[in-house]
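Asks: Got a structure for you, questions after.
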Amino acid sequence: MPVDLNKKKAKAVLAGLHLPHESEFEHRSSMDELERLVTTLGFETLGRVTQKRQRPSVAGVFGKGKLAELASWTGGTGVIHGFGKGSDDEDYEDDFIESDVDDDDLERDQATIVIFDSELSPTQLSNLEEALGVEVLDRTGVILEIFSRHAQSREARLQVEIAKLAYMAPRLRLSHVGGDRQGGGIGAKGAGESAHELDRRRIRDRIAELKNQLKAIQVEQDNRRSHRKDVPLVALIGYTNAGKSSLMRKLTKTEVEGENKLFATLDTTIRTMQPETTPRILISDTVGFIKKLPHDLVASFRSTLDEALNASLLLYVVDGSDPNFKSQYEVTRKVMAEIGAEDHPSRLIVNKSDLLSEIDRARIQRDLPDSHLVSSRSKDDLNRLRDIILQVFEDEMNDFEVLVPYEKGGVIGKIRARARVLQESYDEVGTTLMLRAKPETQAWIEKQLS
Ligand SMILES: Nc1nc2c(ncn2[C@@H]2O[C@H](COP(=O)(O)OP(=O)(O)OP(=O)(O)O)[C@@H](O)[C@H]2O)c(=O)[nH]1
Ligand SMILES: [Mg+2]
């Protein structure tokens, strides 16, 4: 990350464009979400500056006047060198100006960082830092930093590192703030090659190296996955902070609650549902979704989501107390469809019902009659959810009878681990078992006995 984010309590101003295709509600929600992301990083938010425009200005996102207003928060000049000469400035729309800034706000002039809700081009980033005199980050930068702090496994760390380098490469040498933020002097000048190009090339090489390391880990994981193939797997999928990890922990009896920060989970964890069933059911918890997720990051985390493709059941978890939960659900479904999971059996779990009024609950049940309204804090709800999961697998299972001759008695242990024994009886030939299992398991058992 080019920006030094380890400073004590950075004071941030949030900047956002309100584009014509966005409703007032969407615009505000997006800014609210940015504020939560920024809070997750530990920054204090001083205020917001927003502007209605037909499109972002190529030079600096905002128009001239709005940029000057933004600069009054940071003590910058508000001027981009050469701004106003290009044709770009002509679409600047003064009549559309809108601002959330309270004029007698005491904290003006104190912001140490400005955070834009949209993705900034390298030129915009550089221009904005020039005009504002402080560090500027975009939404992608914020998300990358959160991912970077939360990544724990080697796989997640590699994925984040690759995404960060890909994000950083085009932004090298364009910065105006802080002399040595561009990679600590890695750029000794080569013959006929600028330091800038050299750095970029090194970054490309490093990305290639990291990708190789990642591939090795993923091969290992694919192996592990194929071992688990006929064990039923339930994947918890959903927007960040919806409560996936909390549900996972309760369903698998690891009692710790989730954390109230965005992207608390980056790694896929898999545990056995408790109390254990036969055959046992595995539950996986995955990385959360968010709107405007940086492309590099989506690509990097795709392998994590691929785990979900192996699942027999997807539980889409939403936070029912979030006014945006429907659009968050749509974003999630869209990404899952992109990875080819749209036809997977799934259920919609509307979580955090404890935070809802009776009226809200009734409304959700009316609008989404197929959804299951739960709270991860209610024992009854968790039992209900467990029954829902069991029922799905039950519906996929057949009842059948097998005769295990005594000379093949060794197979019985394996059968018990994979299928539910409904009844058993013994005679002079062997053991007769009445079983309930999935068709694949039935085929496997019959093969063992043939
Ligand atoms: N009131 C209430 N809070 C809940 C419930 N379930 C989870 N939470 C809280 O919501 C926050 C997020 O929960 P997590 O389980 O970490 O959410 P997640 O979906 O795993 O989030 P990411 O890992 O960021 O994708 C935590 O503060 C939880 O305590 C619930 O049913 N009711
Ligand atoms: Mg989580």
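Glycine residues also receive a Cβ, built from the backbone N, Cα and C atoms like all the rest.
The GTP binding site annotation in TrEMBL covers 238-245, 263-267, 285-288, 351-354, 375-377. Residues or ranges marked as Mg(2+) binding site in TrEMBL: Ser245, Thr265. According to TrEMBL, the feature coiled coil maps to 193-220. Positions annotated as domain 'Hflx-type G' by TrEMBL: 232-397.
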Asks: Given the binding-site residues Gly238, Asn241, Val287, Lys352, Ser375, return the subset with CB under 6 A from an atom of ligand 2, ordered by sequence, or none if empty.
Replies: none
Asks: With every protein chain in view, what's the tally of Cβ atoms within 10 Å of the Cβ of Lys244 (GTP binding site), excluding that atom itself?
Replies: 30
Asks: Any idea what the model's mean pLDDT is for the coiled coil (193-220)?
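Replies: The average pLDDT of the model in the coiled coil (193-220) works out to 84.
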Asks: Within 10 Å of each Cβ, count the other Cβ atoms and name the one among the binding-site residues Gly238, Ser375 with the highest count.
Replies: Gly238
Asks: Whole-number Å distance between the CA of Lys352 (GTP binding site) and the CA of Ser245 (Mg(2+) binding site)?
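Replies: Between the Cα atoms of Lys352 (GTP binding site) and Ser245 (Mg(2+) binding site), the distance comes to 13 Å.
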Asks: How big is the gap, in Å, between the Cα of Ser245 (Mg(2+) binding site) and that of Val287 (GTP binding site), rounded to a whole number?
Replies: 10
Asks: Let me know the DSSP-derived helix, strand or coil state of Val287 (GTP binding site), please.
Replies: coil
Asks: Just how many other Cβ atoms lie inside 10 Å of the Cβ on Val287 (GTP binding site)?
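Replies: Total other Cβ atoms inside 10 Å, all chains included: 24.
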Asks: For Ser245 (Mg(2+) binding site), what is the tally of other C-beta atoms lying within 10 angstroms of its C-beta?
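Replies: Cβ-Cβ neighbours of Ser245 (Mg(2+) binding site) within 10 Å number 23.
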